[in-house]
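Remarks on the structure that follows.
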Amino acid sequence: MSLILAVNAGSSSLKISLFQRQVNDPPRLVLTSSTSSISSPPAKFTFKVVDVPGSELTNSGHKESAEADLRDHESAFGHFVDKLARYAEDLKQATQATGGDRVNLELGQIRNVCHRVVHGGNYVEPVVITEQTYHHIERLSDLAPLHNGAALRVIHAAITVLPNSRSIAFFDTAFHKHLPPHVAAYAIDQNVARKRGLRKYGFHGLSYAFITRSVAQYLGEDPTKLNIIALHIGSGASACAIRGGKSIDTSMGLTPLSGLPGATRAGDVDPSLIFHYTSQAPLDMEENGGEILSHKEGVATEVHISDAERILNTQMGWKALAGTTDFGEIVRKAFPRSALEKSDDDKYKLAFNLLLDRILHFVGAYYLALRGDIHALVFAGGVGEHSVELRSKVGDAVRCLGFVALDEGANRGVDSREGVVVDIGNGGQGGKKVLVCRTDEQGEMARECSIVEDFW
Ligand SMILES: Nc1ncnc2c1ncn2[C@@H]1O[C@H](COP(=O)(O)OP(=O)(O)O)[C@@H](O)[C@H]1O
Ligand SMILES: CC(=O)OP(=O)(O)O
Ligand SMILES: [Mg+2]
């Protein structure tokens, strides 16, 4: 028996799952933990025991707690490890006292720690962390500014506090390794592009791999014959066209900034906007009743290009539009259910409608990329799995493409339904399906790890 720890450093969260594994068996989920809202404190921490004999004897503290001290991924990881060590000790004592079955969850039992690393550059398979691979990932940090640095700090912490385990990096980019050249290329000098690795990589690949397998299983299809449009909408949001189980296009690019807007990311903008987005706008629309004036002398302040990149990654998206990174709040205020929630401010509607518009833009494009030969449209990610309203509006719009109408009750009831994949369509004959998939990047890493670990 060995333990696999799977760690997912997302842009706003740190999600961790612990799995138990017997040789030749698939990994079995033991417990999960999440620290969310890391970028908009206080962070919220959960620790949930899923399947541990004897756990009924321990007080594992299932409740969510606000943790003002958890300000980054590294401190969130340290907090989890402390919690796990305490829980393992409580469990040991409780099961010793009763003589019951015991699962040993002590830190020393963790054989492999799987880390989600968003940008892998040319790495298309998981790699064991060594000095060399660590530095390779470090060199890619500029291409995933909200992710790779945070993942590396967590990897460093894991190596320090779990010295007997092996750290392995699993890459989001790997799923997109088959992007056709004309999709991956930007219209720039290809000599420069090749030399500097300037192309579309695509992200959320662990999620798309999990979605592809889970949806194929749910539909009883061979995964290598599955065609879907998948939407992973969380703090980072992307769309992916999957043909024959492989990614043929995706909305994120060289970095996870492009494509759909996210919690703090702008998504696609005209690249020239960067040079015009200044603290004192040269085109002052507001002061002149909406009339565009010519450049005022001396007003355009220069923003350094790396500042612009930081601003586009951390200050834009829903945060800039609606003043919150919580999409649940945007939905509540855009569609108030009571007078108490009513707001005169249109900013919530703008944030909602803008995301909806950009999602439809990609669904339309990917429908054509797949030539309409599609089994299902699939929603996943924190927003995709939980926002009834977003699914409902997307569902209405895509009916013209031959997707079935949504079943309103099924759409509203997703949270209370069991299973990894939930059908929210009305079962209309011959229509393309609309599904929700509870994606699990940690589960995907643990599964891949259990396949390769016996060969290492
Ligand atoms: N009920 C809900 N309705 C709409 N959005 C939600 C709901 N619950 C969570 N979310 C959103 O999901 C996002 C987090 O998604 P997630 O995929 O977990 O993030 P990360 O990108 O950090 O992995 C948050 O922005 C949150 O607002
Ligand atoms: C790639 C990406 O944006 O990931 P996340 O949504 O977890 O931040
Ligand atoms: Mg995520």
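Heads up, the Cβ atoms here are built off N, Cα and C, so glycines get one too.
Annotated Mg(2+) binding site per TrEMBL: N8, E441, in sequence order. Classification of E441 (Mg(2+) binding site) by DSSP places it within a helix. Within its own chain, E441 (Mg(2+) binding site) has A6, N8, K15, R116, L206, S207, F210 as residues 6 or more apart in sequence whose C-beta sits under 8 angstroms from its own.
Residues or ranges marked as ATP binding site in TrEMBL: K15, H232, I233, G234, S235, G236, G382, V383, G384, E385, H386. All protein chains considered, the CB of K15 (ATP binding site) has 21 other CB atoms within 10 Å. K15 (ATP binding site) falls within a strand when secondary structure is assigned with DSSP.
According to TrEMBL, the feature substrate binding site maps to R116. For R116 (substrate binding site), other Cβ atoms within 10 Å of its Cβ number 24.
Reduced to three states, the DSSP call for D172 (active site, proton donor/acceptor) is helix. According to TrEMBL, the feature active site, proton donor/acceptor maps to D172.
If you look up TrEMBL, you'll see H204 (among others) marked as site 'Transition state stabilizer'. For H204 (site 'Transition state stabilizer'), the same-chain residues that are 6 or more apart in sequence and have a Cβ closer than 8 Å to its Cβ are D172, H232, G236, S238, C240, T250, M252, G381.
A coil conformation is recorded for R265 (site 'Transition state stabilizer') in the three-state DSSP classification, outside any helix or strand. Residues or ranges marked as site 'Transition state stabilizer' in TrEMBL: R265 (among others).
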Query raised in the report: So what sits near G382 (ATP binding site) in its own chain, CB-to-CB under 8 Å and at least six residues off in sequence?
Result: I233, G234, S235, F327
Query - For the recorded positions D172, G384, H386, the one whose C-beta sees the most other C-beta atoms within 10 angstroms - result: D172
Query raised in the report: Listed recorded positions are S235, R265, G382, H386, E441; which sit with C-beta under 6 angstroms of ligand 1?
Result: S235, G382, H386
Requested in this report: Measure the Cβ-based neighbour count of N8 (Mg(2+) binding site), defined as the other Cβ atoms within 10 Å of its Cβ.
Outcome: 27
Query raised in the report: Once the DSSP letters are reduced so that anything not helix or strand counts as coil, what is N8 (Mg(2+) binding site)?
Result: strand
Query raised in the report: Hey, how far is G384 (ATP binding site) from R265 (site 'Transition state stabilizer'), Cα to Cα, in Å?
Result: 17
